[in-house]
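Below is one structure, written out as structure tokens, with a few remarks after it.
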Amino acid sequence: MAGAGISTPSGIPDFRTPGTGLYDNLQEYNIPEPTAIFDIEYFWYDPRPFFCLAKTLYPGNYQPNYVHYFVKLLHDKGFLLRMYTQNIDGLERLAGLPAEKLVEAHGTFSTASCISCHHSYDGEQIRKTIENGDIPRCETIKCKGVIKPDVVFFGEDLPKRFYSFEIDFRKCDLLLVMGTSLEVEPFAGIVNEVSRSTPRVLINRESVGPFLHPWRRRPKDVVLKGDIVSSVKRLAKLLEWTDSMDNIIETADKEWEGKKSAKKPSDASDALAKDIAKTTCNRPVTPSDSSTSSKTTDRNNSRSLHTMVGSPSRSRDQLFGKPEALFTRKNGNGD
């Protein structure tokens with residue numbers, strides 16, 4: 001199980017680190033609250049901030065790091081049953097992990113769908129449009145809805161493939177948990193789905209979830225706190241895999257030479273600030289537009305993405321502001 005913390009060494013800002021996380025960097029851009037950028041209702045209201053951010057997060061802008069290649073080595077040596085990742089950056093794929101070994105719990109940029117008619121698109125079909133600072137629109141006749149990468153937003157169901165954990169976790173004989181806050185359900189909850197006799201190893205900046213308090217830990221739980229790359233290097237050394245990892249990293253660095261250099265987190269947030277003003281959109285799409293209620297799911301549903309109990313509830317006006325202050329919408333009566 002892996003979260004945003006395994007990708008920060010690649011230069012991708014995470015969502016929570018004070019002063020550098022994506023949520024912090026977005027607060028100055030007139031978004032009602034940082035998490036709104038990944039809220040499906042806010043996306044219906046105004047998709048522009050997400051697409052500005054998507055330009056930064058699109059796979060290929062960043063290089064996989066030591067942790068991603070360590071997981072690939074687990075696969076190469078026949079030890080990996082499955083990797084469940086919260087990340088949407090595609091670095092696991094770039095590191096060479098086969099698709100059948102990967103469960104992208106929070107979705108992917110590799111495919112996309114129209115939010116109105118649900119017509120499917122290949123992610124590369126809309127990539128150029130997004131990178132040009134425009135909003136991708138559906139090409140089907142009489143639709144022209146917004147095309148959204150198949151990234152899971154708050155309020156949306158997780159991919160069906162995620163629920164293969166019900167089978168995988170019964171087979172699991174060792175669970176590595178790396179770089180995650182274990183705060184977003186239902187992903188966070190599956191850490192408890194392995195047998196109580198199965199060792200769980202947390203490799204993280206700090207203790208989280210069931211690893212946080214000694215009385216919640218299981219007898220075979222192990223916690224390794226600190227820099228995640230240093231911790232994984234230590235694990236590789238204990239396994240006597242250091243030479244193998246060095247060879248993998250050397251080969252990967254050579255392949256990466258000549259490719260576009262990854263932006264630093266500060267560059268990413270600066271670019272986002274400039275791009276929001278340039279991104280084009282006919283008008284924001286509001287949650288009151290036709291049939292939106294059927295396109296969003298109950299955020300308290302166990303199969304949708306939501307933060308753990310204790311997150312503040314928000315009224316629609318608190319989240320979106322007053323939409324009439326942003327634009328004038330005409331209806332069929334000319335009002």
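We number each residue from 1, going along the chain as drawn.
In case you wondered, yes, glycine gets a Cβ from its N, Cα and C as well.
Look at TrEMBL and you will find HIS106 tagged as active site, proton acceptor. Its Cβ placed at the centre, HIS106 (active site, proton acceptor) has 22 other Cβ atoms within 10 Å. In the three-state DSSP assignment, the secondary structure recorded for HIS106 (active site, proton acceptor) is coil.
The compositional bias 'Basic and acidic residues' annotation in TrEMBL covers 256-277.
According to TrEMBL, the feature domain 'Deacetylase sirtuin-type' maps to 1-242.
As annotated by TrEMBL, region 'Disordered' applies to 256-335.
Mean pLDDT, taken over the domain 'Deacetylase sirtuin-type' (1-242), works out to 90 on the 0 to 100 scale.
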